[in-house]
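**Student:** Sending over a structure as structure tokens; questions will come in a sec.
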């Protein structure tokens, strides 16, 4: 593979990763399809995907840095609160409660989960995840009990964490699972999305660090330019995608995302079967 060709592949996959990582559409499903069409598969490809995920995570850190610092007691200017009177504040405990279920299951069944990474499982996960998005829109309370992040209870945070366990199924979408779970628990669509992004930082950093540790041997110095291009591209695109997504969900429901998931599932079937 020539240098220019590999850099082009890195840029394309960086765009795909950045666009889909935090949208409820399954970045895994998209990466599998695009990677296959580009002929970029195997151990190096898997390590590359792990590295560019770090770029997407960095975008969340940049977007929510004040809130993240606030979780550990460091405030810049006026403390962040939902407009109007708040029942409390989002704390580090909320994040920890949201992490515990998936962390426990992920550590216990890490190898089993990795063995599920194949097109057929991803295809089914895309469909089921789409159905969950539709269910969340149809069954959510008419008036959210937690309109803002600072209105969330510990119970809601923990239940969102339980829904996050569904994302251990490759192709389900971590953001899709957590946002749907939040809406079903009475959290507003916007606040559930924000919480999903905040929860992604420790969850994805932990999972990425573990994957990178296990695949470190596949890295070579010659991969650095390609990995750097993918990382930077994923970061920039994810930053734009998150900002756009948070504006978009103020105006539309998640039904279009569910329909799109069904289309991607059909694409997986056409490409691989």
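Using N, Cα and C of the backbone, Cβ positions are placed for all residues, glycine too.
Given the structure is predicted, the values throughout are model-derived calculations rather than measurements.
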**Student:** Would you mind telling me which of 69-89, 90-110 Swiss-Prot tags as transmembrane segment?
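**Tutor:** Per Swiss-Prot, the stretch marked transmembrane segment is 90-110.
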**Student:** Considering pairs 6 or more residues apart, do the transmembrane segment (222-242) and the transmembrane segment (45-65) have at least three CB pairs under 8 Å?
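**Tutor:** By the criterion, they touch.
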**Student:** Residues sitting near the transmembrane segment (252-272): Cβ under 8 Å, six or more positions beyond its termini, same chain?
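**Tutor:** Residues 23-26, 29-30, 32-33, 36-37, 119-120, 122-124, 126-127, 129-131, 133-134, 136-137, 173, 176, 179-180, 189.
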**Student:** So what's near the transmembrane segment (90-110) in sequence-distant terms, Cβ-Cβ under 8 Å and 6+ beyond its ends?
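**Tutor:** Contacts of the transmembrane segment (90-110) (Cβ under 8 Å, skipping residues fewer than 6 from its ends): 67, 71-72, 149-150, 152, 154, 157-158, 160-162, 164-165, 167-168, 178, 195, 198-199, 202-203, 206-207, 210.
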